[in-house]
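One structure is given below, encoded as structure tokens.
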Amino acid sequence: MTAQVPAERRRRSRGGRGEQLMVPDADFRSYHDRPIIKPPVWKVPDVPAYLYLGGTAGVAASLAALADLTGRAGLRRSGRLVAAGGAVTSVAFLIHDLGRPERFLNMMRVIKPTSPLSVGSWILAPFGTATGAAAASEVTGLLPGAGRVAGLAGGVLGPAMTTYTAVLLADTAVPGWHEAYRELPFVFAGSALAAGGGSALVAGHGDGPPRRVAVAGAALELAATHRLETAIGMSAHAYRTGRAGRVLRAARAATVAGVAAALAGPVVDRVGRRSPRRRRLLDAAAGLLLNAGSAATRWGVFDAGMATAWDPAYTVVPQRERLAAREAGDGSAPGATVDR
Amino acid sequence: MGANSWYGPLADPSADAGYGADHPERVGFFTDTSVCIGCKACEVACKEWNALPADGVAEQGAGGDVLGMAGMGYDNTGGLGASTYRHVAFVEQRVPATRSAQTDLDMPSMDLPGAVTSGEDRGDATEVRWLMSSDVCKHCTHAACLDVCPTGSLIRTEHGTVLVQEDICNGCGYCIPACPYGVIDQRKGDGRAFKCTMCQDRLGAGLQPACATACPTESIQFGPLDELRARADERLASLQEQGVTEARLYGHDQDDGVGGDGAFFLLLDEPEVYGLPPDPVVTTRDLPSMWRHAAAAALTVAATVGAAFLGGRR
Ligand code: SF4
């Protein structure tokens, strides 16, 4: 076949400005440049919003539960309200994204461990119920005992809320998500901690635990996202370029600024004259920036995956590479991931 | 459920899905593209039998004129989709003249009949060859679409095929990016996901699927999967013997990333030339590891929140 001059498309895989291309000389062939896999029909903002709100609600619920146990009434209140509000809005976005919203309850027909969306529905349903009950008790002052039990249940489910969505994206044939399955849960975990802690800062209950949660979460979010951009093979390219790259750079800027503002409050108070008003403003800005960064991170991750779905290079080139490795006789199994 | 329920060779996916020992044998398609003439009888028969609405390249996001032609050879459907369960791909290639003249594949040729002596060296002369291939849902042994479906709408049938139960589908769209072949899609204006059913209604009545019935060249062969696999091995051997060294089977290997396809192919070039992934893997293979990573990350969240409450001042 060497002398063949194919009239069908043969294209160099994109290297952007040639920087850090994982497959430096990758020729690949395709059918009229069409995508190989079907790009998801999931919409923006529905799905990024669902990811962001679910994560924020999860951390807020855990903060509220521990606040309850340690007697921090203000943090308990804001946490319960954010958790319930986030859960309800996240479900609303999920339902809105369905092709047949009126059949939403079919999600509860079965429990399937092979379907992250099924598992997720069975985490989201009790989480939404528990946090909703806790918030109702908080607002009305009725049944505080039941409210405490519900709040604790929500707090226990909270961490699961923050990371099942990473599996939801990774468990697809979308190269930019599947190849990131080790990193994505930590990106989402950090992003949720930053936003959940940040929501308490906005509410004015940021002192102590929420501030620490927000700053630690932001650090995790930044570090894990950096791995997406560098360590996941060819798809890393999609996280650095195009709209996804721009959104993720904006996310990083917001998160870094948010961390700075979150740390600034207590520091300025210590060195300068104490000013509750200034602290309040700084904390609110910090919380808003961290939430903006978190939401943008989800959007950027979503967009990067979409880019790798539309461009057949991201599917063909890595698959060709592992076929070549297999033919070279390293005996690896089909689809064995190239060593990282 | 058994050892290889999620990944690896699995002789009888219907039994694995819980059908009793008396379930019918697994059936499938062997699509021999070396005899496809690109007539699209399969596409038309499929549309007719399944009462599928019209769609075209425009629907597939590739533009297209009023006839749906979009500069892709004679292709006016672009790819498989929610209303296109069979899709004929057209690939135009310029090849060295001698090579394609060695064998008679009934391919359209630029020369007068008999003008070329088999095997004669014609220097750097070239000619055009067309590759045509009728694509379809692979009815994977390990079907990612089925695995990720949260409603149980997608099922394994008694015939070993993969079927969407449209009365249950709620249009969540998860199956669409899960399929490593880009087969299943959401129908615009309907909201649910659709794909090849292997004519489940015809199978029940003892008929062949519409596409295989309509195919005039037996490029599409339907039957028990074991028989088809044996037949494909023979066909490959005979083509190789005739010097068609580029002939290869695609999707027949039960050790591949999806445990082998229920619909497999004989191709004359690399899979990606036809729009097929060269080394597809069911995403579920990595799911246990994904859950482990997600659990570790969730514990990180719990530990971070817990630690934040330790030792701090009020
Ligand atoms: S080819 Fe795609 S749609 Fe067909 S069974 Fe396999 S995963 Fe499902």
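Quick reminder: no glycine exception, Cβ is built from N, Cα and C everywhere.
TrEMBL has this to say about the protein:
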type	residues	note
BINDING	B:CYS36, B:CYS39, B:CYS42, B:CYS215	[4Fe-4S] cluster 1 binding site
BINDING	B:CYS46, B:CYS196, B:CYS199, B:CYS211	[4Fe-4S] cluster 2 binding site
BINDING	B:CYS137, B:CYS140, B:CYS145, B:CYS179	[4Fe-4S] cluster 3 binding site
BINDING	B:CYS149, B:CYS169, B:CYS172, B:CYS175	[4Fe-4S] cluster 4 binding site
DOMAIN	B:27-57	domain '4Fe-4S ferredoxin-type'
DOMAIN	B:128-159	domain '4Fe-4S ferredoxin-type'
DOMAIN	B:160-189	domain '4Fe-4S ferredoxin-type'
TRANSMEM	B:290-310	transmembrane segment
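Structure with TrEMBL features highlighted.
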| residue | record | DSSP class |
| --- | --- | --- |
| B:CYS36 | [4Fe-4S] cluster 1 binding site | coil |
| B:CYS42 | [4Fe-4S] cluster 1 binding site | helix |
| B:CYS145 | [4Fe-4S] cluster 3 binding site | helix |
| B:CYS169 | [4Fe-4S] cluster 4 binding site | coil |
| B:CYS175 | [4Fe-4S] cluster 4 binding site | helix |
| B:CYS196 | [4Fe-4S] cluster 2 binding site | coil |
| B:CYS211 | [4Fe-4S] cluster 2 binding site | helix |
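Chain A lies within reach of B:CYS169, taking the binding-site residues B:CYS42, B:CYS169, B:CYS175, B:CYS211, B:CYS215 and requiring a CB-CB distance under 8 A. Per-site Cβ counts within 10 Å over the binding-site residues B:CYS36, B:CYS172 peak at B:CYS172. Candidate binding-site residues: B:CYS39, B:CYS46, B:CYS145, B:CYS172, B:CYS199. Those with a Cβ under 6 Å from ligand 1, in sequence order, are B:CYS145. The Cβ of B:CYS215 ([4Fe-4S] cluster 1 binding site) lies under 8 Å from the Cβ of B:ALA41, B:CYS42, B:SER134, each of which sits 6+ residues away along the same chain. Summary of the [4Fe-4S] cluster 3 site environment: with the site residues B:CYS137, B:CYS140, B:CYS145, B:CYS179 set aside, the chain residues having Cβ atoms within 8 Å of the Cβ mean position are B:LYS138, B:HIS139, B:ALA143, B:ALA144, B:LEU146, B:VAL162, B:CYS175, B:ALA178, B:PRO180, B:TYR181, B:VAL183, B:ILE184, B:LYS195. You'll find the Cα of B:CYS46 ([4Fe-4S] cluster 2 binding site) roughly 13 Å from the Cα of B:CYS137 ([4Fe-4S] cluster 3 binding site). One residue stands out among the binding-site residues B:CYS137, B:CYS179 for having the most other Cβ atoms within 10 Å of its Cβ: B:CYS179. Comparing local CB density within 10 A for the binding-site residues B:CYS39, B:CYS46, the maximum falls on B:CYS46.
Mean model confidence for the domain '4Fe-4S ferredoxin-type' (B:160-189) is a pLDDT of 97.
Neighbours of B:CYS175 ([4Fe-4S] cluster 4 binding site) among the binding-site residues B:CYS137, B:CYS145, B:CYS211, defined as a Cα within 10 Å of its Cα, are B:CYS145. Look at B:CYS137 ([4Fe-4S] cluster 3 binding site): DSSP puts it in coil.
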